[in-house]
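Below: the structure, in structure tokens.
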Amino acid sequence: MSQALRKMSGNASKAGCTLIFLNQIRYKIGVYYGNPEVTSGGIALKFFASVRLEIRSAGKIKSSKGDEDIGLRARVRVQKSKVSRPYKQAEFEIMFGEGVSKLGCVLDCAEIMEVVVKKGSWYSYEDQRLGQGREKALQHLRENPSLQDEIEKRVRLLMLDGDVHRSTPLLSSSSSSVSHHEEEDDDSLDGFQ
């Protein structure tokens with residue numbers, strides 16, 4: 001494996017492309033101290049990786065009526081990074097039939113950067129109320145694409161300026177290497193790493 005990865009990583013670098021490997025978690029039996037989770041394939045993959053991400057389910061998203069699942073929230077944690085600071089984590093929504101919810105990400109970032117203000121359950125942008133509750137705010141933004149674009153542009157400008165509030169859990173970093181698998185659902189995205 002290490003010989004193949006040595007050749008592939010050199011060729012990928014010359015070609016300017018990215019190699020993505022998906023892996024799953026296995027459990028070591030009889031581990032009392034430390035993390036019992038391991039990824040299959042030996043240590044070569046861990047060594048040659050520039051970035052390793054752990055993706056897990058953070059919960060299900062129900063429809064407005066609450067009768068069916070329409071998506072799930074995913075939590076991503078950077079386990080290893082040679083290109084930036086590791087151990088950061090973020091959450092995003094994956095909607096069934098749609099993929100990653102861009103609008104949900106925009107609303108989350110806008111709330112973090114205080115472009116959109118949340119008071120109680122009401123979301124508002126400048127002097128305009130977007131809706132009571134997250135789903136109503138998202139629906140209002142779907143119906144008003146120009147407002148959605150305006151909010152997204154402000155968020156992107158603030159990101160370029162580096163004006164991000166670091167105290168929020170979405171962009172927080174932790175130095176803990178302890179796994180949070182006890183808190184997750186049984187039907188999580190443990191298989192992706």
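Each Cβ is built from the backbone N, Cα and C atoms, and glycine gets one as well.
In TrEMBL, annotation is done automatically, which means it is predicted and not curated.
Model, not experiment: these values are computed from the prediction.
TrEMBL annotations:
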COMPBIAS  183-193  compositional bias 'Acidic residues'
DOMAIN    30-105  domain 'RecA family profile 2'
REGION    169-193  region 'Disordered'
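Counting residue by residue with DSSP, the domain 'RecA family profile 2' (30-105) contains 9 helix, 38 strand, 29 coil. Within the model, the domain 'RecA family profile 2' (30-105) carries an average pLDDT of 90.
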